[in-house]
């Protein structure tokens, strides 16, 4: 591992790109010096993020007005949930931006322990490469999903326009289909479409980026726990002096405090991300009772969106839970310490490892460990069995006639 590969430097490019979508508006995010990170209310990033947030808030008001006029049902409630989640994600990233400079400084201080001898010899866990690969794969897949959903909207809006003989242009029909809540209050103008599409991007982007952000934090923390485990594993079944175990225990406690700091900072994002993913998967599973195979474009967009949500959620749990996985490996390594080398320091270290859960959590409601995959899978299967028992599939069909 290069000596300067800190989490701050490894994730700076990813966070810089996210600022284009009005997330985490802190200044000097790509600076070499972590001490230059600032949150400045007068900075262009903050002004831009505030503008995007206000535009999203105005559109949410239009959605509320539309839902109140047409009534709340299963599908309009999903639109409401989308905008609520989007606004909350923006708010939580703003909350994180206030403290990002202090979090990164604390993380940087802890990492200095693991960028020096002897930990530099145990650093093949390439943090930056893992972050770039994960974010690249997930966000490129999210872009494909967004393009498929747009193609689906274009296709369906054109079907409505041709079947109903609506005397409007193709672009206006798209505007009416994509933004029925705005169509009632904001007349169609062609120059509005690029602006509204960009606002739509800022709504769609955080859903996948929040998962990527949690994965980045999981990779950054797991890299340091990996180094700690490798150092302990390197002295497997050897008799080590008490000073060795004192130093290792102190480094573990430094990581433990870092995990607690990050958990308090990102716990609302974790709770929101997993809650949104679960609700979206369940909503799409409900839609599987439709005859979605009638139209190829609708079928491809639907199944890609559902499968991508499941894979993204599973990958988020798998990567973020690696923090707890490495702690379990450390516990296993301690069990192999010879009895003649079992000192009070080793005993104290073993008790500290076993007394508390080291993992990120959703505000204490759950911990992100491998067991969470099984829990979510069980919940989804139970939901699918329940709705399959109460819904008559013959009465639910895809909408193919729009007039």
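Backbone N, Cα and C atoms are what each Cβ position is placed from, and that goes for glycine too.
TrEMBL entries are annotated by machine, without manual review.
Through the fold, the transmembrane segment (6-26) approaches residues 32, 34, 37-39, 43, 45-46, 48-49, 51-53, 89-90, 93-94, 96-97, 100-101, 104, 107-108, 111, 115, 127-128, 131-132, 135, 201-202, 205-206, 209, 212-213, 216, 220, 223 of its own chain, all at least 6 residues removed from its boundaries and within a Cβ separation under 8 Å. The feature transmembrane segment is assigned by TrEMBL to 6-26 (among others).
The transmembrane segment feature in TrEMBL is assigned to 46-68 (among others). Counting same-chain residues at least six beyond the ends of the transmembrane segment (46-68), those with a Cβ under 8 angstroms from any Cβ of the stretch are 19, 21-23, 25, 39-40, 76-77, 79-80, 83-84, 86-87, 90-91, 94, 180-182, 184-186, 199, 202-203.
TrEMBL lists 80-98 (among others) with the feature transmembrane segment.
The transmembrane segment annotation in TrEMBL covers 131-151 (among others).
Annotated transmembrane segment per TrEMBL: 203-223 (among others), in sequence order.
Annotation comment: TrEMBL describes 265-286 (among others) as transmembrane segment.
The transmembrane segment annotation in TrEMBL covers 292-311 (among others). A Cβ distance under 8 Å defines the sequence-distant neighbours of the transmembrane segment (292-311), meaning residues of its chain 6+ beyond its ends; these are 141-142, 144-145, 148-149, 151-152, 155-156, 277, 280-281, 284-285, 398, 400.
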Region pair the transmembrane segment (265-286) / the transmembrane segment (80-98), three or more CB pairs under 8 Å: yes
Long-range environment of the transmembrane segment (203-223) - Cβ separation under 8 angstroms, sequence gap at least 6: 7, 10-11, 14, 18, 21, 23, 56, 82-83, 85-86, 89-90, 93, 107, 123, 125, 127, 130-131, 134-135, 138-139, 141-142, 146, 255, 258-259, 262, 266, 269-270, 272-273, 276-277, 312-313, 315-316, 319-323, 325-326, 360, 368
